[in-house]
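Feature annotations, reproduced from TrEMBL:
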TRANSMEM  B:6-25  transmembrane segment
TRANSMEM  B:45-69  transmembrane segment
TRANSMEM  B:75-96  transmembrane segment
TRANSMEM  B:116-133  transmembrane segment
TRANSMEM  B:153-171  transmembrane segment
TRANSMEM  B:183-202  transmembrane segment
TRANSMEM  B:305-329  transmembrane segment
TRANSMEM  B:341-361  transmembrane segment
TRANSMEM  B:394-423  transmembrane segment
TRANSMEM  B:462-483  transmembrane segment
TRANSMEM  B:490-511  transmembrane segment
TRANSMEM  B:523-544  transmembrane segment
Amino acid sequence: MTGTALAALGAAAAALLAAGFALGRVTARRAAGSGPDPGTPVERATFHTLHTASLAAPPLRAGLTEDTARKAARPLRSLLGTRALCLTDRVTVLAWDGIGADHHRERVMHRVGDVLESGRSQSVRTGCDDPECPLRWAVIAPLTGEEGVLGTLVAYGPGESAVLVRAATEVARWVSVQLELAELDCSRTRLIEAEIRALRAQISPHFIFNSLAAIASFVRTDPERARELLLEFADFTRYSFRRHGDFTHLADELRCIEQYLALAGARFGDRLKVTLQIAPEVLPVALPFLCLQPLVENAVKHGMEDAGRVCRVSISARDAGSEAVVTIEDDGVGMDPAELRRILAREADHSSGIGLSNVDERLRQVYGDDHGLVIETGVGAGMKITVRIPKYRAGVHSQPGGS
Amino acid sequence: MNQTYAVAAVACVVLATVLIGALGLRISRTTSDFYVASRTVNPGLNAAAISGEYLSAASFLGIAGLVLLQGPDMLWYPVGYTAGYLVLLVLVAAPLRRSGAYTLSDFAEARLESPAVRRLASLFVVGVGWLYLLPQLQGAGLTLEILTGAPDWFGGVLVAVVVTGAVAAGGMRSITFVQAFQYWLKLTALLVPALFLLAAWAGDDAPRARFDAPAVLRQHTEVRVDDTVRIDLDAPLSVAVAGTVDGIRHEGRQTTLEEGTHRVESGTTLTFPPGADIPERASTGADPAGWSQPLAGGGDGYQLYATYGLILATFLGTMGLPHVAVRFYTSPNGRAARRTTLVVLGLIGAFYLLPPVYGALGRIYAPELALTGDADAAVLVLPERMVGGLTGDLLGALLAGGAFAAFLSTASGLTISVAGVLTQDVLPSRGVRHFRLATVLAMAVPLAVSLVAADVPVADAVGLAFAVSASSFCPLLVLGIWWRRLTPPGAAAGLVTGGGTALTAVMATRAGLAPEGWPHTLMAWPAVWSVPLGFLTMILVSLVTPRHTPPGAAAILTRLHLPEDLAARPPCEGARR
């Protein structure tokens with residue numbers, strides 16, 4: 001009995017070992033750790049410097065705040081090899097790493113004023129009253145962004161040293177590059193936000209006109225239906241134009257699609273047939289706001305291009321472990337895959353394209369590159385779009401909708 | 001027992017599970033009616049699904065077996081299994097849902113903003129999942145062995161193949177319906193035979209079960225001992241022995257065994273006259289039947305300690321079971337999650353009234369199971385024993401189907417959640433194909449272990465998974481939700497110390513490495529010391545690392561505790577993604 005139990009323990013241990021080995025391989029590949037050949041001392045020093053710099057890069061890429069400065073200060077100090085290092089913005093000290101924070105910290109802002117004005121590095125005496133304090137000289141180097149000086153980097157040393165001045169200036173320049181990249185990231189985000197606004201604006205002209213015309217045609221023949229359609233229209237626009245929150249629930253997005261289809265149905269009548277298959281488990285999934293409705297709109301457009309034919313659109317959302325898989329399929333005119341590729345790469349100027357490429361980009365931005373749109377199509381073969389939405393992703397949580 | 005009926009019942013359950021899993025969605029939701037299609041899962045359905053997933057072999061077979069073996073002290077098991085949801089309801093359910101987390105590792109990441117803690121939590125999710133899957137597979141083996149005489153590995157392999165196939169092929173699409181169906185099936189399968197059995201018992205002048213004295217055989221009984229056992233006799237016993245006892249071969253002659261301990265070799269058949277006392281199985285540390293011994297008898301200190309160990313593990317462990325946590329994601333909001341938990345309490349409470357009935361009846365009508373170590377089979381053999389005939393066969397088949405539903409539902413729920421964590425955090429890249437691979441992996445490891453590991457009463461084995469879960473996830477969830485100063489290093493240290501030591505103790509006990517006496521009891525019921533250890537480590541390490549408090553802690557706690565429609569809209573963070 002103990003023998004079999006030991007065998008069980010052995011098997012479990014072997015499985016754990018194998019898992020640990022695989023995990024180690026994966027992380028090793030990712031970290032690109034030191035190989036078998038450590039290289040010459042100079043090479044090793046270079047590797048060490050590059051590694052230290054790479055540790056400071058990720059926090060700086062998020063911009064210059066107290067939190068990121070605190071995380072970046074330690075690797076930057078070990079990069080310079082000084083006893084103390086300080087990062088400031090234009091008004092206050094963001095982070096202090098090393099010794100002497102007790103009596104030097106409050107004086108820093110008096111000394112960096114000139115550098116903030118001029119944007120040039122300076123080497124100054126600290127004028128410390130404590131004779132034991134090794135921080136006698138400070139090198140102050142500016143951190144610049146696109147709009148001038150953002151802050152300073154202050155490195156302390158025991159004496160005046162040209163090497164420290166040079167090194168601190170170079171490190172400050174490197175930090176400035178990272179901060180510019182952070183600004184670039186930020187402006188890219190702003191561009192996408194602007195596109196979402198454009199997407200909301202894009203809904204209006206055609207769709208509003210067509211919907212109102214369709215509703216008008218019911219006003220006399222079927223006033224009750226006209227009233228319902230107007231209410232749908234009101235709800236739809238309220239959802240589409242809502243100002244707050246980047247994320248929504250799948251249930252809310254489906255409600256928006258329902259309103260859209262009700263209005264489209266009023267216009268196209270029996271020519272539009274919709275099939276739904278929704279697993280109730282995935283309705284609470286959070287996803288980027290307005291990322292499915294444009295796909296449905298696209299499907300309806302494709303289906304209706306060939307006038308006089310019945311168009312079938314089917315929408316399904318199913319549960320797949322830690323993901324929800326949404327597919328939107330139509331049997332319309334389809335599209336040439338090469339053309340589609342150009343639309344997604346934003347090379348073609350296509351009227352319906354901006355919806356697709358915008359959705360694709362937002363999905364990739366939020367969930368990573370392996371969660372973009374998967375589109376299967378051909379000329380005359382309809383189109384099938386598949387979206388895989390993770391049930392949880394850090395930072396993705398929906399705010400309650402207006403509906 | 002009529003094998004044909006039993007096999008047919010098991011086949012029906014498997015077929016129904018797969019069919020509902022694959023087609024349930026299609027039947028109920030293919031419509032162009034948005035109103036029907038986008039209705040969220042209501043608390044009643046979700047609660048039935050949670051109960052269906054939760055009521056495992058340990059509940060269906062194990063509790064009755066333990067009550068038969070050890071008597072009413074074992075009622076702490078059903079009490080604990082149920083009360084765990086009370087703790088979950090009060091402390092965890094709604095905030096966990098509002099966190100938006102799907103798995104427990106998601107919660108760790110959402111609350112602590114640390115990928116490292118997330119990975120650590122994933123390890124524990126997988127560990128607890130595997131510990132919990134193991135007894136399911138072993139229980140399935142036992143059930144099929146008793147029903148059909150198949151070798152004991154066959155049931156486990158069958159469950160593993162059905163579950164892996166269905167999950168990997170995407171056949172569990174409408175998992176909520178499947179699990180809800182399984183709950184009602186299990187309840188029916190236990191309730192209907194229980195009514196018949198109680199009628200038979202009443203017709204038999206309602207004999208009382210005796211738990212304070214050795215059980216008495218009511219009729220001439222042959223007992224075949226499959227594993228070598230040591231038995232303790234308080235008084236000389238006269239039996240007919242065919243086989244080897246104390247190293248002497250007997251050929252079916254009437255023999256009198258003296259007082260003291262005797263060793264009965266495997267393959268021996270003992271024939272008891274009516275009215276004989278069933279001998280007690282002697283307990284040793286490595287003997288699985290001796291596991292819950294401290295809980296029932298033994299020294300007073302042991303008993304009290306083990307009872308507290310069981311109570312702590314089950315009360316606090318439920319919240320950390322991987323398959324329970326993921327089901328709360330289905331609730332549309334925190335309020336619905338709380339309501340769901342309340343209904344779960346009712347459903348599970350109703351269910352747990354039944355297994356003790358089987359245990360008590362088993363003590364009266366099938367006491368020899370205590371000797372052969374197959375006490376978990378009590379539920380299955382009772383109908384044949386008490387009712388007999390066609391009715392008995394049919395009731396037995398119903399119970400067999402219910403038991404199989406228990407293995408299938410718990411195993412599939414666990415496999416899905418373990419596979420989800422494996423795809424997300426262990427396998428290098430994501431995608432549908434990797435989910436299939438992860439499903440196979442999630443099932444292969446416990447299956448392999450179940451084939452080589454010794455059988456342990458299922459309720460005890462499940463108790464071990466509870467102990468690990470209570471020592472690792474309970475501190476993480478409770479402190480994560482209710483204490484704003486929790487830091488990632490604190491959480492990691494608490495997980496490793498609390499969960500790690502519990503896991504080590506549990507593994508050592510399962511491997512039979514624990515020494516006799518107090519050390520064994522301490523290691524077999526680790527929750528008493530490992531849960532406070534986990535909490536203490538988490539709090540102390542968090543207090544000494546205040547600099548690592550996640551920057552968004554206040555915002556996250558606000559989101560966890562305020563109802564969704566009241567939660568303040570956080571300012572748009574443009575620079576972050």
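Positions of Cβ are set from backbone N, Cα and C atoms, glycine also.
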With the greatest number of Cβ pairs under 8 Å to the transmembrane segment (B:153-171), the stretch among B:6-25, B:116-133, B:462-483, B:490-511 is B:6-25
Tertiary contacts of the transmembrane segment (B:183-202), as residues 6+ beyond its ends and Cβ separation under 8 Å: 13, 48-49, 51-52, 55, 60, 347, 350-351, 354-355, 357-358, 361, 364, 379, 382-383, 386-387, 391, 395-396, 398-399, 401-403, 405-406, 409
Segment proximity, the transmembrane segment (B:523-544) to the transmembrane segment (B:394-423), 3 or more C-beta pairs under 8 Å: no
Among B:116-133, B:305-329, B:490-511, stretch most in contact with the transmembrane segment (B:462-483) (C-beta, under 8 angstroms): B:305-329
Out of B:6-25, B:45-69, B:490-511, B:523-544, which stretch has the largest tally of CB pairs under 8 angstroms to the transmembrane segment (B:341-361)? B:45-69
Could you give the residue numbers and ranges of same-chain residues that sit at least 6 residues beyond the transmembrane segment (B:116-133) on either side and whose C-beta is under 8 angstroms from one of its C-beta atoms? 56, 103-109, 320-323, 410-411, 414-415, 417-418, 421-422, 424-426, 442-443, 445-446, 449, 461-462, 464-465, 468-469, 472-473, 476, 488, 491-492, 495-496, 499, 503, 506
With Cβ distances under 8 Å as the criterion, find the stretch in B:6-25, B:305-329, B:490-511, B:523-544 that has the most pairs with the transmembrane segment (B:45-69). B:305-329
The answer for the transmembrane segment (B:305-329), taking Cβ pairs under 8 Å and residues 6+ beyond its ends, is 46, 49-50, 53-54, 73, 76-77, 79-81, 83-88, 91-93, 96-97, 101-104, 107, 124-125, 128-129, 132, 292, 294-295, 337, 340, 410, 413-414, 416-418, 420-421, 463, 465-470, 472-474, 476-477, 521-522, 524-528, 531
